[in-house]
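A quick write-up on the structure given underneath.
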Amino acid sequence: MTIAQEPTALNFECETGNYHTFCPISCVAWLYQKIEDSFFLVIGTKTCGYFLQNAMGVMIFAEPRYAMAELEEGDISAQLNDYAELKRLCEQIKRDRNPSVIVWIGTCTTEIIKMDLEGLAPKLEGEIGIPIVVARANGLDYAFTQGEDTVLAAMAHRCPDKAPVAEAEKNERNAVQKLLNFGKKKELVAQEESEYVDHPPLVLFGSLPDPVVTQLTLELKKQGIKVSGWLPAKRFTELPVLEEGYYVAGVNPFLSRTATTLMRRRKCKLIGAPFPIGPDGTRAWIEKICSVFGITPKGLDEREAQIWAGLEDYVKLIRGKSVFFMGDNLLEVSLARFLVRCGMTVQEVGIPYMDKRYQAAELAMLEKACQEMGVPSPKMVEKPDNYNQVQRIYDLKPDLVITGMAHANPLEARGINTKWSVEFTFAQIHGFTNARDILELVTRPLRRNNNLKDLGWDKLVREEAKI
């Protein structure tokens, strides 16, 4: 158990550590599944290919909708024509897969050799007749989740700027509504349309699994709010319309570049809300959207209380315990806020990069949660130095460390409970109903160790026998 100290304001520090994270080209792993009519072409070296092959775990026989354009010595020494080579590959992709969009993912090497992908794409797009989106998701980013941010920022430029007039185009674009209205009579659909409050169009951005998209869309529908579209959509042809003055809201804390693009280039209005992670975050996210549209939220108190009651069997395992975030995927602030609400003390939040404007509502909510729960506010460390962090872990002795994969086993060998931060990226953690999945991940190492203690296995490392 930890002794609660006087709550204090958030303390921000910045160290000069290296970034310990996956390469952002790993965003291909979930984006190619999300955008069903896409093809991702990663332009890089053999190293990028090995990483993708290991990270994805997809056999070549499965014919996945991504490929590796491997740069050779001829490319780097400018003996080969970049345009001719990329044209050959894209024509082959068109012939074999015929996607609605080809996404070129630039890497460190294309940056270093100054390959002008943005200049090549429009000309080639005109020749092959397929849109080509260029995203520089290279290893020069702070966190691997920013690969998605780069791709969505590039996709935002391709969203139509006028609502469709033709009926056929309307049907093609309203995919979310068609999914929700599947199998219903026209009269029922018309009746449900009348339930929505009159408000400006709202577009949500962030790549989430389809069940979570449906859940969040329905939660807003209960408040009379209609979601005009999602970025990214299931299909490239269904990208949402973005006219000047449209409202946009993010669902992930690592999408600051996309938010900036939507505001500056597409002249949209950003709703600065906390993110819908955990019951408290989901409630605050819905409340903020309602307040912007002048709607009084209904039934959120009961909904949140009901979810917390269902989480009690997990919450009692971590209440009073301490957690330390080493920093990996930019979800740290949202997870820290949720765990404080669960009764944990967050000792430190390491984060590779902090956009204080985009995460302002989340930071304010974390500070408020610490005050209301009577626990000290965590130290916020941007770009943490791992050597210093390990020393602080030895001093603070947290009950759990949430860390990148590289440090998990060394810390476990020293008797420190760890959880891989990458698992929170791939798990369904958004919305009211998925809060249980977050606690399932957080409590797993603690439950495992309790089970091992019951068996009499207290130590991971075998001690030397004394003869």
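Note that Cβ sites are derived from N, Cα and C of the backbone, with glycine treated the same way.
Together with CYS23, CYS48, Swiss-Prot lists one candidate of CYS108, CYS159, CYS268 for binding [4Fe-4S] cluster, that being CYS108. Fewest Cβ neighbours within 10 Å among the binding-site residues CYS48, CYS108: that distinction goes to CYS108. Applying an 8 A CB threshold to same-chain residues 6+ apart, the list for CYS23 ([4Fe-4S] cluster binding site) reads CYS48, PHE51, THR107, ASN138, GLY139, PHE144, GLY147.
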